[in-house]
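TrEMBL has this to say about the protein:
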{"type": "TRANSMEM", "residues": "A:12-42", "note": "transmembrane segment"}
{"type": "TRANSMEM", "residues": "A:62-80", "note": "transmembrane segment"}
{"type": "TRANSMEM", "residues": "A:92-110", "note": "transmembrane segment"}
{"type": "TRANSMEM", "residues": "A:116-137", "note": "transmembrane segment"}
{"type": "TRANSMEM", "residues": "A:149-168", "note": "transmembrane segment"}
{"type": "TRANSMEM", "residues": "A:197-214", "note": "transmembrane segment"}
{"type": "TRANSMEM", "residues": "A:235-259", "note": "transmembrane segment"}
{"type": "TRANSMEM", "residues": "A:279-311", "note": "transmembrane segment"}
{"type": "TRANSMEM", "residues": "A:323-345", "note": "transmembrane segment"}
Amino acid sequence: MRFERREDVSLPALILAPLIAVLAALVLCAGLIAMAGVSPWLAYGEMLRGAFGSRLAVTETFTRASPLILTGLAAAVAFRARLWNIGGEGQFYMGALAAAALGHSALAGWPLPLAWAALAAAGMAAGAVLLLVPAVLRLRFGVDEVVTTLLLNFIVLLIVGLMVEGVLKDPMAFGWPQSVPVAAGLRLPDLVPRSRLHVGIVLAVVVVLLVWLVQARTVFGAETRAAGLNPRAAAFAGVPITATLVKVALLSGGLAGLAGAIEVLGPVGYVTTTMSPGFGYAGIVVAMLAALHPLGVVAASVFVATVFVGADAMSRATGVPSFIADVIMAVALLAMLVALLFTTWRVRR
Amino acid sequence: MSGGAVLELEGITKRFGALVANDDVTLSLKKGEVLALLGENGAGKTTLMNILFGHYAADAGEVRVEGRPLPPGKPRAAIAAGVGMVHQHFTLAGNLTVLENIVIGSEPLWKVGSDRDGAARKLMQLSATFGLPVDPEARVGDLSVGERQRVEILKALYRDARILILDEPTAVLARPEAEQLFRILRGMAQGGLSIIFISHKLHEVMGASDRVVVLRGGRVVAERATAETNPAELAELMVGRAVARPKREAHAAGAPVVVAKGLSASAGGGMALDAVDFEVRTGEILGIVGVSGNGQAMLGRVLSGLARLDAGTITFDGRDIARITPRAAVRMGIGRVPEDRHAEGVVGDLAVWENAVLERVRDFSRWGFVRRRAAEAHAAGLIARFDIRGAGPATRTRLLSGGNMQKLILGRNLAAGPRFLLANQPTRGLDEGAIAAVHQELLMARSEGAAILLISEDLEEAVGLSDRLQAISKGRLSEPIAAEEVDARRLGLMMAGVWETRDAV
């Protein structure tokens, strides 16, 4: 048996791959659920009901999906250029901190659209700077960015802890470790009344479309693709590799930072050390399931959000631990990697 | 079993989808014979040998070794029957020693410890018998390509191969190494081994084989005793029509375009440049000849804008280009054909149109958006003008053959009418038809007034195309000599680093 490279990756294969991967993950995890003594049909049924069974459930799922769209997009943009940004979680928190610090009082009296733009820009800048450091280390000294971005996540979480216990501590929070809140007037409006779903998801989708346009149509998109696929040939042809990768790092970090800022301005209102249930890490799964395509990111985010929101409901109804959500994610990621292999290679006897 | 045939292939047919790679191929190999399998890229030579060795299973037909059929698709059975294969791309582990590489795979996995001394003895004995000197304890990663190939051959012999198959054995070798290899193969054949080598180079087929089988479009089109044929006939059989490399016609060169003085550059790893002087004039081709690894790569990198000089000046039309970037080179009208078209020439996974405009994508854009229509039209123009076959603007570039890929790279450089063209190994690995096309384009650019620096390891090419020649040896460049004054002996000495300097400095 040997692997042969396919002549071309077909579009149907690229769309089918994540579907098959997700199906494989659900089938494999059905075994685990059965071992926990619950019928998988029942468990998955409860999961779907928990994610889409009521108005509240639907809004919760999409509320969960909106930061995932941005962190997923952040990972997809970076991975396309072979910049392995595993630090979405840290960049998310930096964006969140920047938005909370600035949104508490500094922007009082600014016109609302301008204030929002400033807060989004601050969040993006904070995330971008956090990725800029590992990117420059890699380009200058060849330091592996997988290691640096991953480790920065833990450092950032400690910084967040320092902030919410220190200078940004909310004195009105009865000693809870949370930051000062964003001024009430600056919170993003709800999309659906009496729910947590806010305009952030619309923003996220608009950003997806913008990134898609940039990647598919612009000189920057073309040069990024060339640099990611064959950096030597791109450099030979005059693509400034270092500058291109720095721009990609700024974009990727900025997107993850924006996710954090929107989460603070939208449903949460302040920063805690537990505000992200792993949005940054799940973004990596989202990017892979999307085969790094911006539009795929939206669909993959909704799937991941469904599993996480649905798993809580399933857990309450059936007693299967909600950790199963993490297992499904992990298995889906592995299955997707295998499926991607088969979109570019075929087995030959 | 016909008289003395150690290997017979009968009616081998292999299809990949709609493509028929081998169509009813029948051939036989006699004991002690050197058989050349000649054909252009894509003629089905490698597929046929992979079937013989059991990497692929044929759709129809049979392989017999010494009269016994081989089970299809089983490399182990082929090895056991005494068939050894030396692949075009070596299959050695660079971090292991020569001995370890040779023993690997012929020892059981679960055996604890290994009979190193016994293996080393057997290896040294083979090495002495066949005149293949190696150091068993050397790390393969430290060896030159020629030495690695020797290890590959010894690996096959170690497994008691009586039939040796070499796939394009000289693709990675310089001329002297290739000649040495064929001397060794000849000796092996006299020692009773039977050898098939795959090639698309006429001179080595003529020089090294007893018999030639010509493959075209997956079919055997001719079989000749080497003594009874000639290169012209073989070329025609191989390509299917008469091909001749274009001839250079003398014409006067003009003013110097590129003048380099005292170039020195040091590279991590590769050979450095040491006080290199040359000048290229309009309407002339200056050929740089030499054995690979003598600084050609560094010279190419410096002129392409990818490496920095330690000392020296280069001017282009009087302007200083010593610290040029690739982008500036493109803007100034310097064309560059890189040494390795896959690694540096194109981005294989991008479409042809994207590669066609990659160097000047800003000329095909407005407000930062790529004008795709215009870029595709440009690519279609290149495809038509430079006869790039099997491609449209949207084709993935990876799917092009080497020759057509090279035509694309040449085309994107020549379309802009460059004043200076750097052509680094422009025909390496191409087949006869594509070589003729590339030479034609280079000569055309020359007659249109381009100054061309041709870096080539193919002497025939360099002598045939160049107006003047300089040899490169250990990073130093000889004085130029006119093409008319070239004789093989003098060129050979120059490439070995022996030349007269005008004045000792």
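Just so you know, the numbers here start at 1 and follow the chain as drawn.
The backbone N, Cα and C atoms fix where each Cβ goes, glycine too.
The listed stretches are A:12-42, A:92-110, A:149-168, A:235-259, A:279-311; of these, A:12-42 has the most Cβ pairs under 8 Å to the transmembrane segment (A:323-345). Most Cβ pairs under 8 Å to the transmembrane segment (A:12-42), among the stretches A:62-80, A:116-137, A:149-168, A:279-311, belong to A:279-311. Long-range contacts of the transmembrane segment (A:235-259) within its own chain (CB-CB distance under 8 A, at least 6 residues past either end) are made by residues 67, 69-71, 73-75, 77-78, 80-81, 83, 85, 87-88, 91-92, 94-95, 98, 120, 123-132, 134-136, 139, 204, 207, 211, 220, 223-224, 226-227, 279-280, 283. Contact between the transmembrane segment (A:62-80) and the transmembrane segment (A:197-214) is supported by 3 or more Cβ pairs under 8 Å, counting only residues 6 or more apart in sequence.
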